[in-house]
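The annotation topological domain 'Cytoplasmic' is assigned in Swiss-Prot to 1-59, 118-185, 391-417, 476-481, 529-807 on the grounds of sequence analysis. Summarising the annotation, Swiss-Prot assigns transmembrane segment to 60-80, 97-117, 186-206, 226-246, 249-269, 300-320, 323-343, 370-390, 418-438, 455-475, 482-502, 508-528 and lists sequence analysis as the type of evidence. Here Swiss-Prot flags 81-96, 207-225, 270-299, 344-369, 439-454, 503-507 as topological domain 'Extracellular', drawing on sequence analysis.
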Amino acid sequence: MAERVEASSVPEGENTIEEREVGAMWELEQKLDQPMDEEANKLNNMYREKGLSMLMLLRLSFQSLGIVYGDLGTSPLYVFYNTFPDGIDDSEDVIGALSLIIYSLLLIPLIKYVFIVCKANDNGQGGTLAIYSLLCRHAKVKLIPNQHRSDEDLTTYSRTVSAEGSFAAKTKKWLEGKEWRKRALLVVVLLGTCMMIGDGILTPAISVLSATGGIKVNNPKMSGDIVVLVAIVILIGLFSMQHYGTDKVGWLFAPIVLIWFLFIGATGMYNICKYDTSVLKAFSPTYIYLYFKRRGRDGWISLGGILLSITGTEALYADIAYFPLLAIQLAFTFFVFPCLLLAYCGQAAYLVIHKEHYQDAFYASIPDSVYWPMFIVATGAAIVGSQATISGTYSIVKQAVAHGCFPRVKIVHTSKKFLGQIYCPDINWILMLGCIAVTASFKKQSQIGNAYGTAVVLVMLVTTLLMVLIMLLVWHCHWILVLIFTFLSFFVELSYFSAVIFKIDEGGWVPLIIAAISLLVMSVWHYATVKKYEFEMHSKVSMSWILGLGPSLGLVRVPGIGLVYTELASGVPHIFSHFITNLPAIHSVVVFVCVKYLPVYTVPEEERFLVKRIGPKTFRMFRCVARYGYKDLHKKDDDFENKLLTKLSSFIRIETMMEPTSNSSTYSSTYSVNHTQDSTVDLIHNNNNHNHNNNMDMFSSMVDYTVSTLDTIVSAESLHNTVSFSQDNTVEEEETDELEFLKTCKESGVVHIMGNTVVKARTGSWLPKKIAIDYVYAFLAKICRANSVILHVPHETLLNVGQVFYV
């Protein structure tokens, strides 16, 4: 090694010898392992918005009923009972409650969500994780720093740029300034995600139980246990059919929900005309004031029941990916909203006259002639609404897995037409057990309603917080507009939240327990994922070490292609050095494969792979980054291996055509390192007679020797007069030779080399970290799907390399 020179002895403006060497090696490493930003194809205007005819818009609005509004549409089944669980004392209380329902529907679903929040979508994708992805593109808030500037060139990587000095730029700088702010943002996002998972348990339970409750209304002597049993049977059937997908029966959803809305709207209009038209005075907000003045604390607590009238709003936002925003706005404004208002007004008109029927207001207000048809349609609508929530939960879990926030689970694509229709067996059975447990344990709608309301209002609060950042960073709204939106949203939602707090001991604790367990799982998994990535980054092998091994890497190069999987998008991973140290042989062609997820909903197939060469051509080492969005799936018939090798062949052709001569952009490592190569072979050969500890000693000495020869590794330009290159081969011949070699290696066999990593807490770590890593994460890693299973790697071509990471 060169002697170290103190900075004080070097003239100003000059670098030390050591600094010059380090700088030269850094420059060389950058040239040999270049950023991957040149060869990806760009699809221009792939997602250009297309104009829709009015007929097509109406058709899509109709279809959106079955997917988007099933959950929101079934709320009339249970709202009034949960608002007055102890009975109705004064008919004016019904008018006050109706007024609250009307303005809740107006402010939250209609104004806030349909016309404001739904515009904050990620290329059509909604939900808390979609908002988080949008924020990750506009600010550096992602905790796993595996992105590269080439990712920003993706067709789907849309973002806006803030003007320097603007309020948006200041907000961005503030958010990126501290690590704890990024973590706090992620915790908020995960909290909303956990509550949405809780919705996947509570929505089917309360919807199906409320719908089947109609049996008892027509037969008052029937035991309540029979109603619960019927609901459980329907729930078991619903979850058992999930693996078939909704592709074959999905066409029924929209007609069922359409008939449901027409039924409740017509019934509501009938009841208004028959019982009491004066309920229409509830459109005056004065009755809200009189309601709270008259009922006091009890009126405030009843907001927990009123809240159920807007449940399903978050599901509406999460499901907007299937339809144009304008179609959703038309369907809600001109059909769903009026039908819901008529339904609630009709029930209120009935309750003003028949206060004793507060427990079954919906079914009791139905005319006898249409009772059983309404019961059948109500049950169908409850199933459709539950199906939409269950499917939404699958999508949320899929997104969480892609963000590194949830253990790997099996995901099955159930439709050939629609990318978003998936099925998660593991999550499905957990949801089913949760639904059955909630339905059988509580039995009463009011207790499940309290739990449901708690989950819904917390998701809304999380959405409001994220919308503030969207309005500042993405939309660049004036801070006064942001302040008005924040104040109005928090005023309404915190009012509801303060009411559900009083009902935590009456069922409201259920979503909190579900959220706590889910948040623990997701937080620990993400924390361990970040620590694994940091460990790999710090332990990656330098290019100088690779160059020191020579063209054959100091190993026996056996025929075939080795795909070495790693989390790193740059640098040589630790798994490679660990592998060749213990097994001194490697394939003739080595490809480091990094499968990474980006904060975009999808990556087009044409832009999926990025390929670069590592080191000189004689090394035959490449890097391939396979990029996916959070909605993309690893399907078994994707033919990942062939697509990767096809992209590699294309890269070789393009690279050869772009080079004027075969040696124009390559770098030689043969000068003065032949001895290093021979010594390395001898060292590894001697390792066969020693134990593992001796292997590591030999490996260390080999690295030390390589480092001592760093000053002998220089670019090809400086060696032009020393090393002779053959200029006889044409570009076509060189390309043909390398492609033929690649084809021969492929025929010899492709081996997938993956790390079987055990993560342990470093000695001296504090107790919570040891529990999280050594017990919670270890358990989750043991029961989750292996990477090889997720990527559909054939078992016969898989080679696992054991590693232990101390984080």
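Sequential numbering from 1, following the chain as shown.
Keep in mind that glycine also has a Cβ here, set from the backbone N, Cα and C atoms.
A quick note: this is a predicted structure, and the numbers were derived from the prediction, not measured.
If one looks beyond the topological domain 'Extracellular' (503-507) by at least 6 residues along the same chain, the residues whose Cβ comes under 8 Å of a Cβ in the stretch are 301, 304, 442, 446-451, 453-454. If you count C-beta pairs under 8 angstroms between the transmembrane segment (97-117) and each of 300-320, 323-343, 370-390, 455-475, 482-502, the highest count goes to 300-320. Here the topological domain 'Cytoplasmic' (118-185) returns a mean pLDDT of 86 for the predicted model. Cβ atoms under 8 Å from those of the topological domain 'Extracellular' (207-225) belong to residues 71, 74, 77-78, 231, 234-235, 238, 360, 362-364, 371-372, 374-375, 378-379, 381-383, 385-386, 439, 443, 445, 448 of the same chain, restricted to positions at least 6 beyond its ends. Non-local neighbours of the transmembrane segment (186-206) in the same chain are 71, 78, 127-129, 131-132, 141, 143, 231, 235, 238, 311-312, 314-315, 318, 385-386, 389-390, 392-393, 396-397, 400, 405, 431, 434-435, 438-439, 445, 448-449, 451-452, 455-456, 458-459, 462-463, 465-466, 510-511, 514-515, 518-519, 522-523, 526; each lies 6+ residues outside the stretch with a CB under 8 Å from one of its CB atoms. Counting Cβ pairs under 8 Å to the transmembrane segment (249-269), the stretch among 60-80, 300-320, 482-502, 508-528 with the most such contacts is 60-80. The recorded stretches the transmembrane segment (370-390) and the transmembrane segment (226-246) share 3+ CB pairs below 8 A when only pairs 6 or more apart in sequence are counted, and are therefore in contact.
Between the transmembrane segment (226-246) and the stretches 323-343, 418-438, 508-528, the greatest number of Cβ pairs separated by less than 8 Å involves 418-438. Within the topological domain 'Extracellular' (503-507), the DSSP-based counts of helix, strand and coil residues read 3 helix, 0 strand, 2 coil. Here the topological domain 'Extracellular' (344-369) has long-range neighbours at 76-81, 84, 87-88, 91, 94-95, 97-98, 101-102, 210, 213-214, 216-218, 264, 267-272, 274-280, 282, 309, 375, 378, meaning same-chain residues at least 6 beyond its ends whose C-beta is under 8 angstroms from one of its own.
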